[in-house]
Amino acid sequence: MKYDNLLDRFIKYVKVNTRSDPDSETTPSTESQEAFALTILKPEMEAIGLQDVHYNPVNGYLIGTLPANNPTLTRKIGFIAHMDTADFNAENVNPQIIDNYQGGDITLGSSNYKLDPKAFPNLNNYIGQTLITTDGTTLLGADDKSGIAEIMTAIEFLTSQPQIEHCDIKVAFGPDEEIGVGADKFEVADFEVDFAYTMDGGPLGELQYETFSAAALEVTFLGRNVHPGTAKDQMINALQLAIDFHEKLPAKERPEYTDGYQGFYHLTGLTGTVEEARASYIIRDFEEASFEARKVKVENIAQSMNAQLGTKRVLVELNDQYYNMKKVIEKDMTAIELAKEVMEELAIKPVIEPIRGGTDGSKISFMGIPTPNIFAGGENMHGRFEFVSLQTMERAVDVIIGLVCKA
């Protein structure tokens, strides 16, 4: 179905810079996310008919309720999307609208960048559709402002059509998903539902209930700096220690070599001097045993290097971030079966594959609310080549409406 306000709503949202900050110690991590919640989303939620709309300054969540208008529909369903965008320029987002895409290259604004079907064959899935792209200087922010726009549009449709019967609906827009801490302070007591969905997936049909298990790894290397002219048998180069550590990890177990259910080690940052260096990694895997084995491996590498050095110069700090939500959701597949049924009735083929990433639903599922993930439309997310199809967004709205009417 077409929805009059969906595109304008999405464009309005993405023009607001809500980039999160991994180095911040506040919640939300950036003031712009709170401002976006309070000045744009909250008034709009109230205007379209959501009740008890409130912002929690402790966890950064904006929550609203649409009560059931049919007492026989007893389920309570939640929909969640995140307000922040990834670690890429989000200032002065200037979306391009490509009507009736006919294939071929899409030049991104006046930049030297283009969307090329040879580099991005997923473009070929969108012939004849309306695409929203960047101008080549920023990301788009469809991850996850497409999800926010879809939830808002579904609620607006339901409140404008009171004859359409639906169950109790809860809506939550949260912060800092992209830096892995968005759901850390989520309050289940403030979101009383039987199950929920994050609208944070990619192409049409995605329905996901398996995520990575994730850990953050920080490794500090302590060197000993002396003049290079007299360094023989004295200097210990911390940067070289970092290189040695990295080379001891399996070379083919990196993101660029893995897919499907394969896990990886990913070096995300490396800084330092001869005296001290620091390497940042993320560790990902699906199965609990292999996830734990990866963490043991880095500990063993550090221990081996320290033994060879004769002192503790490789310091490892490991922190689990989230876990594969399959462990929770497979105990009660109601949310998955309902979503599959609704999609099939809408002639959408459910694409059930693992998420090679995580969502807020991972943590929320372990808090007691099964929260699988549904497509929101974004492609090539987290960079200048991001785009989204308006038609896919419309279908996501259809799914939301179908879920609450069938509950």
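Glycine residues also receive a Cβ, built from the backbone N, Cα and C atoms like all the rest.
Just one of HIS82, HIS246, HIS266 is listed by Swiss-Prot for the same Zn(2+) 1 site as ASP143, ASP200, and that one is HIS82.
If you compare Cα positions, HIS382 (Zn(2+) 2 binding site) sits closest to ASP143 out of the recorded positions HIS82, ASP84, ASP143, GLU177, ASP200.
Reduced to three states, the DSSP call for ASP200 (Zn(2+) 1 binding site) is strand.
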